[in-house]
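Feature annotation from TrEMBL assigns ATP binding site to Gly168, Pro169, Ser170, Gly171, Ser172, Gly173, Lys174, Thr175. If you look up TrEMBL, you'll see 588-597, 735-763 marked as compositional bias 'Basic and acidic residues'. According to TrEMBL, the feature domain 'Kinesin motor' maps to 69-415. Look at TrEMBL and you will find 1-43, 588-609, 638-671, 691-714, 735-787 tagged as region 'Disordered'.
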Amino acid sequence: MEEFSPMPCPSTVTVRRNPPRKARATPYTTAAKPPPSSNAHDVPSFPIDEILSIQIPLPEPPKPSASESLKIFLRIKPLRVFSKVTAVAKSRPRNSEEACIALNDSYSVTLTPPQVLQELKRSKTEVFEGFSHVFPADCSQSDVYGKMVQPLLEDFLNGKSGMLAALGPSGSGKTHTVFGTPKDPGVVPLTLRQIFKKRDETSSPVSLRAFYLSIFEICSERGKGEKAYDLLGDGSSELSVQQSTIRGLKEVPIRNLEEAESLIGQAMLKRATATTNSNSQSSRSQCIINIRAASDGVSNETKVQSTDAMLTIVDLAGAEREKRTGNQGERLVESNFINNTSMVFGQCLRSLLEYQKNRKKGFQKHHQNSLLTRYLRDYLEGKKRMALIITVKAGEEDYLDTSYLLKQASPYMKIKFDNIEEVCNKRQLKTFPRVEKNKKMKLSAPKTSQIAETVSGEKNQITQEVNLEGKKAHQTYKSSPKLEDNNEREHIIMRNFAKVVWNVLKQYNEKLKVAEGDICSLKERLKNEQLKSRELEAELINLKSNLAEPCLPEVEALVHQVEVDTSLANENTNVGDDDPCDLIESRSEATAEERNESSLPNKSVVPGLGNEEISWDEEKCAKQDDPCNLVDSTSEVTAEGCNESPVRNKNLVPDLANGQECDDQIDPTPSPEQVEVRLINNRLSNIQTKSAVSRRFPDSEKQERHRRLLPASSRLLAEEMNDLEIKDKQIEKPQVKLAETRDQEKSESTQGREIEIPAREAEPASTKKQRNEQKKPRRRLQPASSVLLTREINTLEIEDDVAEPKGTRGGKKTIVTQPRSQGSVTLLRLLTSNLHL
Ligand SMILES: Nc1ncnc2c1ncn2[C@@H]1O[C@H](COP(=O)(O)OP(=O)(O)OP(=O)(O)O)[C@@H](O)[C@H]1O
């Protein structure tokens with residue numbers, strides 16, 4: 001194996017602090033890079049070459065200044081058609097082969113008067129120039145459309161309205177130029193064809209628009225008034241004319257050329273015609289054709305502008321001379337109306353021209369003199385583009401009509417348009433002033449129709465916009481801007497109100513959730529508290545049972561027994577007492593005295609044993625007849641026992657042992673054995689009188705009274721008597737044997753007591769321990785009575801604690817209970833001390 005050797009350290013180290021920043025490849029691009037598509041060859045390549053090869057049509061160059069002037073076209077009717085005129089015309093002398101008008105170029109003609117007139121020097125040859133275009137007699141309809149209508153149509157499709165009017169004498173070819181024939185269609189059919197042809201081209205904006213067609217005529221009613229008739233309407237085609245307003249015009253949407261041509265044919269059939277000397281189908285009315293282009297689903301400003309585009313073509317009734325037409329009667333009246341309308345139309349153009357020449361003179365409003373001119377007011381005021389086509393006859397006999405018309409129309413070529421139409425349209429489209437439009441509807445007949453159509457177009461447009469946005473269109477939204485604003489305002493208000501309500505509901509929902517959480521926590525706490533309360537109740541019941549079972553029965557038994565004993569003892573001394581209540585009263589007094597004595601210790605006893613003994617004996621002797629005195633004396637003994645010294649007790653015991661209640665010679669130092677014997681004797685005497693007391697008092701009443709009134713010391717004594725009853729035989733033995741048998745009795749009594757009260761084991765540990773501590777060192781020395789008294793003390797302490805809240809805190813009851821316990825304790829101490837001795 002080769003030994004590994006580290007690489008030699010280079011002499012120079014280059015540290016690149018700024019590593020080249022390169023975007024770390026994402027896992028997708030590195031690990032999971034999509035595999036190349038298996039069918040990639042199916043996706044055609046982007047036709048970039050084809051797109052680049054498309055030649056975008058350049059914008060048209062700006063039109064010459066002449067375009068800003070009124071366009072006047074001249075069309076010369078061919079002479080050959082004269083062979084088809086009526087018989088009246090044929091009857092006239094014909095030098096028809098000579099024409100009075102000759103085409104100079106496309107913009108001028110030369111009008112040569114007939115030879116007769118030249119001879120009379122009433123007329124001379126004139127040249128009329130300045131026409132936009134002069135169509136010779138052999139021109140076709142397509143030439144007319146191409147030169148005259150095509151520019152208007154382009155402007156129309158670009159959103160600019162325009163008007164074309166045909167003027168000329170009757171039979172000069174106006175209707176032929178406008179409508180044509182099925183074999184040789186005129187301007188209107190050709191325009192419609194061109195419209196649908198461009199709409200079918202996808203790249204054309206025409207496809208985004210909808211077209212509507214309306215045709216109506218204005219004629220006279222017996223030469224008095226003017227009436228308008230809808231040539232596309234159903235039923236009654238008469239339109240409502242209020243001053244300058246035409247209402248109820250039907251606008252028919254046209255979706256294809258066939259529908260449009262059908263409508264054109266329908267209108268031509270309805271139009272009023274009559275046979276005159278000049279024309280077999282002379283038009284007796286002014287016919288107006290409106291083609292409206294509306295936007296189809298686009299709502300931007302440009303498209304809206306296009307919705308206002310209106311192409312109006314007017315076929316005027318030809319002015320005619322009475323002599324040539326030969327009209328009479330109704331036809332003559334129609335001729336007057338037609339001539340009057342033509343005259344007004346001419347006046348409007350002259351007025352506009354004069355106004356443009358000298359604006360200081362003001363604009364004479366001739367348009368008010370006829371319904372047609374009112375309807376075409378905007379055009380006749382120079383606000384919108386319009387064009388005129390003058391049709392003339394080329395025959396010498398038509399020289400006067402042609403000369404008159406050319407002389408009248410020649411100045412119109414100087415009419416200028418100040419782009420008022422565009423300004424007006426922009427102003428209207430910017431602000432969409434519907435109120436202004438309403439005013440215009442009243443003042444202008446063409447406006448009326450246009451605005452009515454515009455309103456309907458707006459409805460459609462709004463509907464389309466709403467449909468595209470997925471919203472529901474409102475009829476009020478379409479009808480009135482005020483209602484639209486109100487609806488929007490209400491919608492905004494309701495939407496904001498709904499938002500506020502929603503927020504409030506959210507807040508309440510959160511508060512409810514918090515409250516529910518609190519309720520749940522409170523319920524859990526309540527359950528815990530209930531469990532704790534149940535546990536505490538169970539503990540309380542156990543404690544009560546533990547406290548009541550071992551203590552109360554024992555205490556009650558002891559109390560009852562002591563009460564019985566004391567009462568029996570008193571009864572022995574006072575057999576003849578009739579009032580048992582005296583016993584109770586005297587007992588209360590005695591306890592009170594004992595209390596006083598205890599509060600004033602050694603008041604009369606402590607200073608001298610002799611005095612105390614004397615008083616005790618004297619009282620006992622004095623009250624020997626009173627059964628209550630026995631209790632008093634007993635109480636006094638117990639009270640004294642609390643304060644006296646063991647020395648004194650020694651003096652008392654011999655008296656008791658001797659059984660002498662009134663002994664003049666009392667041993668001042670009785671031995672403990674003597675005291676005990678004395679007590680035993682008293683208990684024995686009490687037991688002997690027990691039956692007598694039971695006869696005098698009912699058991700229940702007596703027990704109740706004893707429970708309430710007898711002192712605890714008496715109860716203890718009674719309990720002690722029970723124990724001492726067992727020892728009666730032992731008491732009868734010699735006193736010498738008492739000391740010898742004390743230990744045995746004590747052990748026996750202790751054992752017997754412990755067996756009798758096993759419930760004490762259930763006492764609280766503290767109490768039991770305390771009791772054991774007090775009891776253990778004395779167990780060998782105390783007699784059975786002392787043990788009981790010790791236990792009684794403990795139980796009485798508990799009883800006092802329990803009884804304190806029930807009774808009055810100050811007063812006799814507390815005074816009564818305390819001496820009992822103290823007396824018992826004192827007696828116990830005396831007994832134990834004596835026993836120890
Ligand atoms: N350029 C034309 N080429 C062929 N025929 C024509 C031409 N102009 C007019 N005509 C024919 O002349 C007749 C009269 O024409 P047209 O009805 O159009 O006259 P008009 O001016 O409308 O008369 P009116 O004012 O009385 O209605 C028609 O039969 C029409 O076919």
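Placement of Cβ uses the backbone N, Cα and C atoms for every residue, glycine included.
Checking the binding-site residues Pro169, Gly173, Thr175 against ligand 1, the ones with a C-beta less than 6 Å from an atom of that molecule are Gly173, Thr175.
Cβ neighbours within 10 Å of Pro169 (ATP binding site), excluding its own Cβ and spanning all shown chains: 27. Mean model confidence of the domain 'Kinesin motor' (69-415) amounts to 80 (pLDDT, 0 to 100 scale).
Secondary structure at Ser170 (ATP binding site), as computed by DSSP, is coil. All protein chains included, Ser170 (ATP binding site) registers 24 other Cβ atoms within 10 Å of its own Cβ.
Within its own chain, Thr175 (ATP binding site) has Ala166, Gly186, Gln281, Ser283, Asp315 as residues 6 or more apart in sequence whose C-beta sits under 8 angstroms from its own.
Ranking the binding-site residues Gly168, Gly171, Gly173 by the number of CB atoms within 10 A of their own CB puts Gly171 at the top. Around the Cβ of Lys174 (ATP binding site), a 10 Å sphere holds 28 further Cβ atoms from the protein chains shown. When Cβ atoms from all protein chains are considered, those within 10 Å of Ser172 (ATP binding site) total 27, not counting its own.
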